[in-house]
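Encoded as C-alpha coordinates, the structure appears first; notes follow it.
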Amino acid sequence: MSLPMSPVSPINTTTSTSTTTTPLSPPSSIENSSHPLSTSISNNSITSDSSLDSNTSTSSTTTTNYGTKTPSGNARIFNCTLCQRAFTREEHLTRHTLSTHNKLKPFTCGICSRPFSRRDLLLRHAKNLHQGSEVAVSRIRKSYKHCNKDNDSKSGSDSNTNKTNKNGKKQEQEDDEEEGSRSDSSSGADDEDSNTSSGGSNYHAIGSGNKRFVNNSPQLKKILTNGSVPSTTTTSTTTVPTSTNNDTASITNSSTSHIHQRSLNVEDYDTPEKKRLKMSVNMLVS
(Lines of atoms letter the chains of each structure in order from A; the text may use other names.)
(Lines give C-alpha, C1' and ligand atoms only; values in the text may rest on other atoms or scores of the structure.)
Protein backbone atom coordinates (compact mmCIF):
# COMPACT_ATOMS: atom_id res chain seq x y z
CA MET A 1 0.00 0.00 0.00
CA SER A 2 1.51 3.35 -0.96
CA LEU A 3 1.14 6.61 0.85
CA PRO A 4 -0.22 9.58 -0.96
CA MET A 5 2.41 12.08 -2.04
CA SER A 6 1.70 15.77 -1.50
CA PRO A 7 2.99 18.17 -4.03
CA VAL A 8 6.07 20.18 -2.98
CA SER A 9 5.66 23.92 -3.19
CA PRO A 10 8.52 25.78 -4.87
CA ILE A 11 10.79 28.03 -2.76
CA ASN A 12 10.42 31.74 -3.24
CA THR A 13 13.92 32.89 -4.02
CA THR A 14 13.09 36.51 -4.36
CA THR A 15 12.20 36.97 -0.76
CA SER A 16 15.30 35.21 0.48
CA THR A 17 17.55 37.22 -1.73
CA SER A 18 15.86 40.37 -0.75
CA THR A 19 16.31 39.65 2.89
CA THR A 20 19.94 38.78 2.48
CA THR A 21 20.87 41.66 0.22
CA THR A 22 19.31 44.43 2.26
CA PRO A 23 22.15 46.25 4.13
CA LEU A 24 22.01 46.76 7.82
CA SER A 25 21.74 50.45 8.61
CA PRO A 26 23.10 51.60 11.95
CA PRO A 27 20.76 53.22 14.33
CA SER A 28 20.24 56.90 14.09
CA SER A 29 21.36 57.47 17.70
CA ILE A 30 24.83 56.14 16.97
CA GLU A 31 25.21 58.28 13.86
CA ASN A 32 24.15 61.35 15.68
CA SER A 33 26.48 60.66 18.64
CA SER A 34 29.67 60.15 16.55
CA HIS A 35 29.98 63.75 15.36
CA PRO A 36 29.92 65.49 18.73
CA LEU A 37 32.75 63.27 20.03
CA SER A 38 35.17 64.24 17.24
CA THR A 39 34.26 67.89 17.47
CA SER A 40 34.71 67.89 21.22
CA ILE A 41 38.16 66.25 20.95
CA SER A 42 39.33 68.76 18.35
CA ASN A 43 37.94 71.63 20.39
CA ASN A 44 39.74 70.36 23.48
CA SER A 45 43.08 70.13 21.61
CA ILE A 46 42.69 73.65 20.22
CA THR A 47 41.81 75.08 23.58
CA SER A 48 44.74 73.28 25.22
CA ASP A 49 47.19 74.64 22.62
CA SER A 50 45.85 78.14 22.96
CA SER A 51 45.98 77.91 26.73
CA LEU A 52 49.62 76.74 26.58
CA ASP A 53 50.55 79.59 24.26
CA SER A 54 48.80 82.09 26.45
CA ASN A 55 50.42 80.65 29.56
CA THR A 56 53.92 80.79 28.03
CA SER A 57 53.37 84.31 26.72
CA THR A 58 52.04 85.51 30.03
CA SER A 59 54.84 83.78 31.93
CA SER A 60 57.50 85.29 29.63
CA THR A 61 55.96 88.72 29.87
CA THR A 62 55.56 88.52 33.60
CA THR A 63 59.08 87.21 34.22
CA THR A 64 60.91 89.63 31.89
CA ASN A 65 58.94 92.81 32.42
CA TYR A 66 60.50 96.08 33.49
CA GLY A 67 61.19 96.22 37.21
CA THR A 68 61.31 92.48 37.84
CA LYS A 69 64.35 90.78 39.30
CA THR A 70 66.42 87.80 38.34
CA PRO A 71 66.80 84.80 40.67
CA SER A 72 70.12 86.26 41.80
CA GLY A 73 68.43 89.53 42.78
CA ASN A 74 69.50 91.82 39.91
CA ALA A 75 66.77 94.19 38.72
CA ARG A 76 65.82 94.40 35.04
CA ILE A 77 66.27 98.10 34.35
CA PHE A 78 66.86 98.26 30.57
CA ASN A 79 63.61 97.85 28.67
CA CYS A 80 63.18 96.98 24.99
CA THR A 81 60.78 99.36 23.22
CA LEU A 82 59.79 96.79 20.57
CA CYS A 83 58.85 93.71 22.58
CA GLN A 84 58.69 95.13 26.14
CA ARG A 85 61.37 92.78 27.42
CA ALA A 86 63.69 94.05 30.13
CA PHE A 87 67.32 93.23 30.82
CA THR A 88 69.76 93.76 33.66
CA ARG A 89 72.56 95.14 31.47
CA GLU A 90 72.69 97.47 28.52
CA GLU A 91 74.89 95.14 26.46
CA HIS A 92 72.25 92.43 26.84
CA LEU A 93 69.62 94.82 25.47
CA THR A 94 71.79 95.77 22.48
CA ARG A 95 72.53 92.11 21.77
CA HIS A 96 68.81 91.35 21.93
CA THR A 97 67.86 94.16 19.54
CA LEU A 98 70.60 93.28 17.06
CA SER A 99 69.91 89.55 16.99
CA THR A 100 66.13 89.44 17.43
CA HIS A 101 64.74 92.59 15.83
CA ASN A 102 67.46 93.59 13.35
CA LYS A 103 68.32 89.98 12.40
CA LEU A 104 72.03 90.66 12.37
CA LYS A 105 74.43 87.71 12.48
CA PRO A 106 77.95 89.05 12.86
CA PHE A 107 79.51 85.84 14.23
CA THR A 108 80.47 83.28 11.57
CA CYS A 109 81.97 79.83 11.95
CA GLY A 110 85.49 79.55 10.63
CA ILE A 111 84.96 75.99 9.36
CA CYS A 112 81.45 75.86 7.85
CA SER A 113 80.86 79.65 7.52
CA ARG A 114 77.52 79.47 9.30
CA PRO A 115 76.43 82.85 10.70
CA PHE A 116 75.22 83.36 14.24
CA SER A 117 73.65 86.28 16.02
CA ARG A 118 75.41 85.67 19.34
CA ARG A 119 78.83 84.51 20.37
CA ASP A 120 77.53 81.92 22.83
CA LEU A 121 75.57 80.26 20.02
CA LEU A 122 78.73 80.07 17.93
CA LEU A 123 80.61 78.55 20.87
CA ARG A 124 77.91 75.94 21.36
CA HIS A 125 77.93 75.16 17.62
CA ALA A 126 81.71 74.73 17.63
CA LYS A 127 81.55 72.52 20.70
CA ASN A 128 78.81 70.24 19.37
CA LEU A 129 79.80 69.94 15.71
CA HIS A 130 83.49 70.79 15.49
CA GLN A 131 84.71 69.34 18.83
CA GLY A 132 85.45 72.81 20.20
CA SER A 133 87.99 73.66 17.51
CA GLU A 134 89.63 77.06 17.83
CA VAL A 135 89.43 77.49 14.06
CA ALA A 136 85.65 77.72 14.30
CA VAL A 137 85.73 80.56 16.82
CA SER A 138 87.58 83.82 16.24
CA ARG A 139 90.16 84.56 18.95
CA ILE A 140 90.87 88.18 18.08
CA ARG A 141 90.62 89.52 21.61
CA LYS A 142 92.78 86.76 23.06
CA SER A 143 95.47 87.18 20.41
CA TYR A 144 95.39 90.95 20.98
CA LYS A 145 96.06 90.37 24.68
CA HIS A 146 98.95 88.05 23.82
CA CYS A 147 100.40 90.69 21.48
CA ASN A 148 100.13 93.31 24.19
CA LYS A 149 101.90 91.02 26.65
CA ASP A 150 104.68 90.36 24.12
CA ASN A 151 105.09 94.09 23.47
CA ASP A 152 105.18 94.81 27.21
CA SER A 153 107.82 92.12 27.74
CA LYS A 154 109.90 93.48 24.84
CA SER A 155 109.69 97.04 26.13
CA GLY A 156 110.60 95.85 29.62
CA SER A 157 113.61 93.94 28.30
CA ASP A 158 114.71 96.97 26.27
CA SER A 159 114.45 99.24 29.30
CA ASN A 160 116.41 96.71 31.37
CA THR A 161 119.14 96.55 28.73
CA ASN A 162 119.29 100.35 28.59
CA LYS A 163 119.58 100.51 32.36
CA THR A 164 122.34 97.91 32.39
CA ASN A 165 124.18 99.75 29.61
CA LYS A 166 123.93 103.03 31.51
CA ASN A 167 125.10 101.37 34.71
CA GLY A 168 127.97 99.73 32.82
CA LYS A 169 129.00 103.07 31.32
CA LYS A 170 128.87 104.75 34.72
CA GLN A 171 130.99 101.99 36.24
CA GLU A 172 133.49 102.26 33.38
CA GLN A 173 133.71 106.02 33.86
CA GLU A 174 134.23 105.61 37.59
CA ASP A 175 136.89 102.97 36.96
CA ASP A 176 138.63 105.23 34.45
CA GLU A 177 138.60 108.12 36.91
CA GLU A 178 140.00 105.92 39.67
CA GLU A 179 142.73 104.62 37.36
CA GLY A 180 143.54 108.17 36.27
CA SER A 181 143.79 109.38 39.86
CA ARG A 182 145.98 106.40 40.73
CA SER A 183 148.24 107.00 37.75
CA ASP A 184 148.44 110.71 38.57
CA SER A 185 149.30 110.01 42.18
CA SER A 186 151.90 107.45 41.14
CA SER A 187 153.39 109.85 38.56
CA GLY A 188 153.46 112.61 41.19
CA ALA A 189 155.24 110.34 43.62
CA ASP A 190 157.74 109.35 40.92
CA ASP A 191 158.35 113.01 40.09
CA GLU A 192 158.89 113.83 43.74
CA ASP A 193 161.36 110.98 44.03
CA SER A 194 163.19 112.13 40.91
CA ASN A 195 163.32 115.72 42.15
CA THR A 196 164.63 114.69 45.56
CA SER A 197 167.28 112.52 43.95
CA SER A 198 168.42 115.26 41.54
CA GLY A 199 168.49 117.87 44.31
CA GLY A 200 166.94 120.65 42.21
CA SER A 201 163.84 122.78 42.74
CA ASN A 202 162.48 122.29 39.24
CA TYR A 203 159.16 120.90 40.50
CA HIS A 204 156.07 123.03 39.89
CA ALA A 205 152.70 121.38 40.74
CA ILE A 206 149.25 122.59 39.77
CA GLY A 207 146.31 121.28 41.77
CA SER A 208 143.00 120.87 39.95
CA GLY A 209 140.56 118.80 41.93
CA ASN A 210 142.05 115.41 42.64
CA LYS A 211 144.69 115.50 39.86
CA ARG A 212 148.20 116.95 39.80
CA PHE A 213 150.19 118.11 36.82
CA VAL A 214 153.95 118.47 36.85
CA ASN A 215 155.68 121.29 34.99
CA ASN A 216 159.37 120.69 34.43
CA SER A 217 160.44 123.74 32.46
CA PRO A 218 163.98 123.87 30.96
CA GLN A 219 164.34 127.54 31.97
CA LEU A 220 164.33 126.61 35.63
CA LYS A 221 167.00 124.00 34.96
CA LYS A 222 169.21 126.58 33.24
CA ILE A 223 168.71 129.07 36.04
CA LEU A 224 169.54 126.46 38.64
CA THR A 225 172.68 125.42 36.81
CA ASN A 226 173.84 129.06 36.55
CA GLY A 227 173.56 129.42 40.32
CA SER A 228 171.24 132.41 40.65
CA VAL A 229 167.45 132.44 40.53
CA PRO A 230 165.95 135.73 39.27
CA SER A 231 162.40 136.78 40.00
CA THR A 232 160.35 135.38 37.14
CA THR A 233 156.70 134.56 36.57
CA THR A 234 155.77 131.37 34.78
CA THR A 235 152.27 130.62 33.50
CA SER A 236 151.16 127.17 32.44
CA THR A 237 147.82 126.28 30.89
CA THR A 238 146.55 122.73 31.00
CA THR A 239 143.33 121.31 29.58
CA VAL A 240 141.72 118.59 31.68
CA PRO A 241 139.01 116.50 29.96
CA THR A 242 136.25 115.81 32.46
CA SER A 243 133.52 113.37 31.39
CA THR A 244 130.13 114.48 32.69
CA ASN A 245 127.22 112.80 30.89
CA ASN A 246 129.52 111.81 28.01
CA ASP A 247 130.45 115.48 27.35
CA THR A 248 134.05 116.67 27.43
CA ALA A 249 134.82 120.14 28.72
CA SER A 250 138.26 121.65 28.61
CA ILE A 251 139.25 123.28 31.84
CA THR A 252 142.04 125.82 31.63
CA ASN A 253 144.04 126.32 34.74
CA SER A 254 146.54 129.17 34.89
CA SER A 255 148.99 129.26 37.66
CA THR A 256 151.64 131.80 38.46
CA SER A 257 154.55 131.10 40.64
CA HIS A 258 156.73 133.88 41.96
CA ILE A 259 160.27 132.82 42.64
CA HIS A 260 162.24 135.42 44.59
CA GLN A 261 165.82 136.12 43.70
CA ARG A 262 168.19 134.60 46.11
CA SER A 263 171.41 132.68 46.18
CA LEU A 264 171.32 128.94 45.69
CA ASN A 265 172.40 127.12 48.81
CA VAL A 266 172.86 123.40 49.05
CA GLU A 267 171.82 123.42 52.69
CA ASP A 268 168.24 124.40 51.80
CA TYR A 269 167.77 121.18 49.80
CA ASP A 270 169.37 118.69 52.10
CA THR A 271 166.21 117.55 53.87
CA PRO A 272 163.11 116.38 51.96
CA GLU A 273 160.82 117.97 54.58
CA LYS A 274 161.82 121.48 53.49
CA LYS A 275 161.13 120.51 49.91
CA ARG A 276 157.67 119.31 50.80
CA LEU A 277 156.92 122.52 52.70
CA LYS A 278 158.01 124.62 49.75
CA MET A 279 155.94 122.52 47.39
CA SER A 280 152.86 122.95 49.54
CA VAL A 281 153.46 126.72 49.74
CA ASN A 282 153.79 126.94 45.97
CA MET A 283 150.56 124.99 45.54
CA LEU A 284 148.73 127.31 47.92
CA VAL A 285 150.05 130.40 46.16
CA SER A 286 149.03 129.07 42.76
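Cβ atoms here come from the backbone N, Cα and C positions, even for glycine.
Worth saying up front: this structure is predicted, and the values here are computed from it rather than measured.
Listed in Swiss-Prot:
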- 1-71: region 'Disordered' (REGION)
- 1-29: compositional bias 'Low complexity' (COMPBIAS)
- 37-65: compositional bias 'Low complexity' (COMPBIAS)
- 78-101: zinc finger (ZN_FING)
- 107-130: zinc finger (ZN_FING)
- 146-260: region 'Disordered' (REGION)
- 156-165: compositional bias 'Low complexity' (COMPBIAS)
- 228-244: compositional bias 'Low complexity' (COMPBIAS)
- 245-260: compositional bias 'Polar residues' (COMPBIAS)
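Secondary structure by DSSP for the zinc finger (78-101): 12 helix, 4 strand, 8 coil. Note on the zinc finger (78-101): its mean pLDDT in the predicted model is 86. Applying DSSP to the zinc finger (107-130) sorts its residues as follows: 11 helix, 4 strand, 9 coil.
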